[in-house]
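**Student:** Below is a structure I'd like to ask you about.
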């Protein structure tokens, strides 16, 4: 039956039903878009948004703001830009303050501050949230000068504005400015919250200022925010960075609530101080561990020279199926390099490949360093050559260091010029490595040229480490007058690195007078360091001045200076074991000495056999001279 023939009431009811169905369908489409975007399927969400647009349906501000927020959370710049374009084409050419604030936030989180500023500048009406949003974008990107200019223009400032500036300055290392802003807003009485202490605590952690840490700790306590786990953990970290582990532990023990971050922070503090016993005890007591906790302890063992313990802990971590991160692999590879264990290094490399992680710059550099220190320079080169992105100076510095360690100074110089040609700017470490390479390969003139090139071509001012390298370079060549001239040219007082370098070259050339002077100055700088005493003793010994050797030894005994115990690593029954040169008290040491004696005896037998054969066949001794 035609619709026109239906009664008017029925016809109107049918129209209402159609309209209701359309509204329901539209609502379902909008909900579908929101669901897809919240699940991270932004492309699919925008496909459905296009369908609605073609139907002439415009979304409300709240829905659009939700989509923009999803783009901000996932840092999806491309999709966020598309939403902005959608606004312009659907009658939102000048978005409301509410939508504009969301756009500024999205562009800021995506690191697109020019676009954020364009939206901000075009706003007809700005509220305090608009200003703070723009300020936060600058601050998070470290653009403190732009943040300060905007802050000065703000018609109104609240506690969020001041907090943002304190944090901004603290994060980029401008601690005095951060403290200045903190003191000023506390004096103005604009109010404060728990975030108000975040910036100043960051300054405490980075500056390692114990006095400032104590003051901030007191203020947080008085303000009643010490129950905030993040703030308390940060203060624990600040005390630990200052080397005040007793204060860090006291605050940690007083915390009523401790999360995994708090426990890991203290483990990290003990590890950094080299107290691995306390670090391990705390680690074992943790009620919950995450990959960062495991990595922190592994890194502590590695940096403390306890490489076997680091690798054993990594093995346990793998058995428990705890997912390692990039820093875990970097620490383990450093441990393998430290004991020159190629077998273990290859195993860690295999774990890295199987984990499916894409190695970052630090891990790739650790791989190059490990293969190089394990004697496999060719594989180290292959790792370097297979890297796609070589625009990080860390890669090149590590490869230069590998070549220097193997005495390949000329190849290191060639690699340096390849680095420059590739467009990578050398830094201070580049020149430290390069000068060392020249020093150990006897390339004196080349080293001096690079020392001059640092400032003239690359604007890298030489520091104590560079001067120590150049002194070592000249000293190895026996050019002691130039060594003294370089020391006089230094813009600062020579430190222990300089006198260690002087002492080392004096030992090589038997320069007793200069060696004695360097040793005395070194002992004055660090009376408990055995290096100066031992090197001075070696100089006297090489010249047969045994009375002076005895005097140095007596001085060491009087001052209770002990020589560090030498250690070698032997693989016995597929296990790495340490061998200490000065001890014969245990079975391992006796077994090691027996093995070495057998090898020595075998070598002697081979030499005797070689000598007898040489005599029979050619009348030559083992050195090739006529008998």
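Glycine is treated like the rest: Cβ placed from N, Cα and C.
The repeat 'PPR' annotation in TrEMBL covers 127-161, 228-258, 259-289, 290-324, 360-390, 392-426, 427-461.
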**Student:** Residues of the same chain, at least six outside the repeat 'PPR' (127-161), with any C-beta under 8 angstroms of its C-beta?
**Tutor:** 97, 100-101, 104-105, 107-109, 111, 113, 116-117, 120, 167-169, 171-172, 174, 177, 185, 190-193, 195-196
**Student:** How does the model score the repeat 'PPR' (392-426) in terms of mean pLDDT?
**Tutor:** 94
**Student:** Quick check on the repeat 'PPR' (127-161): DSSP residue counts for helix, strand, coil, in that order please.
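**Tutor:** When I sort the residues of the repeat 'PPR' (127-161) into the three classes, I find 26 helix, 0 strand, 9 coil.
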